[in-house]
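In what follows, a structure is listed as structure tokens, so that the remarks can point back to it.
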Amino acid sequence: YLVGVGRADCTGPVAQVPLMGYANPDQVGGGLLSRLYSRAFIVAEPQGSRRVVFVSADIGMVSQRVRLEVLKQLRSKYGELYRQDNVILSGTHTHSGPGGYFQYTLFWITSKGLVQPTLKSIVNGIVKSIDIAHENMKKGRLFINRGTVENSQINRSPFSYLANPESERNRYSSNTDKEMVLLKMVDEDGHELGLISWFAVHPVSMNNSNHLVNSDNVGYASYLFEQEKNKGMLPGEGSFVAAFASSNLGDVSPNTRGPFCANTGESCDNPQSTCPIGGAAMCMAKGPGKDMFESTRIIGQNIYLKAKELYEKASQEVTGPLSSAHQWVNMSSVSVELNATHTVQTCKPALGHSFAAGTIDGVGAFNFTQGSVEGDPFWDQIRDQLLGEPSNETKACHKPKPILFNTGEVRTHLW
């Protein structure tokens, strides 16, 4: 293949900017712990025009707004070379990056609107990393390897996981996916270019009391690998690019000691994640370190060490044609076959009371608890006044989940 790698800064403003991830309006930036980067990888077939771009950026997640802006800039520079169907943009999912770069109302509430400098920094950083990768294209080879990472994650919703059918759970040795998949890139002379590692863990070693912009545990793993390979260079400099990208990390927490009550120190590992004194607001998971900084370092180092081992031993070469695809799916009207006789339909979106409760990695506000199947007359009344009452169809479709925000039925703004 032809292979190109690139890295560019996408940090943006760090003072007084709302952070993205914990949905806490009081969590605003008060400084910088580590810069944020966009890491781009381009792989192309030597003959013909088939190519794929993969970008992993140190941000909460990629918004549609960011994606459309990036594609617009790429089109103006490269014509039809980089398109909707061959550009993959991924966020590492750090909860300590700036917010305010989304197109939907729900995100604007906690980020207090659109933050143009954040949006601009992310878009320009992503485009610049792709430009650098494009300029550095050379003949190269890809190798894949996989292995197991221990002592770095727990399932943060174990009681919910037990609601899965036993037959399904029996297929796995654990209630989290511990496999790391690594793609190694070298040029035709064997000179090292970079790597992409995929491993399921939430970058929330830094908790919701943090006010310093940073790339969390996976960003620290990137920092360690790049510092090792780019000897004598400052962070963010040097030709070797190491991305630790997000994968199936939905309910996977790096806070391996589990949930404890902040006021009493006792465990709150129960279905509602609630404490005897102070309720759910007091329940917070702890990482392996004495504080969140040490926990970030420990988890990041674990991930880095496993990636280093897999990288050094990667011998299975990736060959064959390249292909990519893009599809729009209207998630509110997908038909699902349950069995030979029963077909059901997905619902219009709606957020439940448990959503507002947050998780053991970052608890929500007020009196919401996880696992709620009963609504609350007070909050239902406020919802009805703000957004209107959910339709009977939406209520029935989401049952037994009590609806807090019927976002899919609001017409005034796209929520």
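Including glycine, each Cβ sits where the backbone N, Cα and C put it.
Marked as active site, nucleophile by TrEMBL: Ser253.
According to TrEMBL, the feature Zn(2+) binding site maps to His93, His202.
In the predicted model, the domain 'Neutral/alkaline non-lysosomal ceramidase N-terminal' (1-412) shows an average pLDDT of 95. What TrEMBL lists as domain 'Neutral/alkaline non-lysosomal ceramidase N-terminal' is 1-412.
Counting only same-chain residues six or more apart in sequence, the Cβ atoms lying under 8 angstroms from the Cβ of His93 (Zn(2+) binding site) belong to Gly21, Gly60, Met61, His202, Pro203, Ser246, Leu249. Long-range Cβ proximity for Ser253 (active site, nucleophile), meaning a same-chain Cβ under 8 A and a gap of 6 or more residues, is found for Gln153, Ile154, Asn155, Arg156, Val201, His202, Val204, Ala285, Thr359, Ile360, Asp361. Summarising the environment of His202 (Zn(2+) binding site), the number of other Cβ atoms within 10 Å of its Cβ, over all protein chains shown, is 26.
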